[in-house]
């Protein structure tokens, strides 16, 4: 009888000690569950924030959209400035190509004007040697006020990308012959070839808007003379 009593007493004590352990574990599981959504929310927030840091601002001056009316208002057009969807011919026979204006300004073609440059015949030579080419990678230039300005390389007109080209001429060599310019009396004159400039109306950025502005480009190669002193 006493053995049965002790057995029942031990069983009761074991059940009493086990009950608090069960209550202690329950809040722990509940707490773990409550922290999971919070951790997930923080993770999403971190990913969202990280995405903002990685986002890059698009280049502002790349493929700027321009109102076609801006071309119809342009004055002082120069045959040395061309807007085209394709590279212009490199031959000097087409050095007077220009962008079709007014009603034809959105046509993706170019035309040639009659040349006014003298043609050298056999036995005739230039005083200075020059090279002419279309320049389509101009990003900076000096305006008529002497300030550096940003030149628009490409513009978007009616969902078509047009590139701005400049026909530039510069000296090939400051001294085509040992004495300087070709055909100059070296006994009485010092001479050398130099590139000269002119100003043309080009599309540039003014603040946050595209605007026409006079910029300086290379346009000719001339001979500079100075009289030698008497000996």
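Cβ from N, Cα, C; glycine included.
Per Swiss-Prot, the features are as follows:
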| type | residues | note |
| --- | --- | --- |
| REGION | 24-53 | region 'Disordered' |
| COMPBIAS | 35-50 | compositional bias 'Basic residues' |
| CARBOHYD | 63 | N-linked glycosylation site |
| CARBOHYD | 107 | N-linked glycosylation site |
| DISULFID | 128-193 | disulfide bond |
| CARBOHYD | 158 | N-linked glycosylation site |
| DISULFID | 171-221 | disulfide bond |
| DISULFID | 181-223 | disulfide bond |
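Here the features listed in Swiss-Prot are placed on the structure.
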residue: 128; record: disulfide bond; DSSP (3 states): coil
residue: 158; record: N-linked glycosylation site; DSSP (3 states): coil
residue: 171; record: disulfide bond; DSSP (3 states): strand
residue: 181; record: disulfide bond; DSSP (3 states): coil
residue: 193; record: disulfide bond; DSSP (3 states): strand
residue: 221; record: disulfide bond; DSSP (3 states): strand
Which same-chain residues, if any, lie at least 6 apart from residue 171 (disulfide bond) yet have Cβ under 8 Å of it: 128, 129, 130, 131, 193, 194, 195, 221
Spatial separation of residue 158 (N-linked glycosylation site) from residue 181 (disulfide bond) - C-alpha basis, Å: 49
Pairwise Cα distance for residue 223 (disulfide bond)/residue 158 (N-linked glycosylation site) [Å, integer]: 45
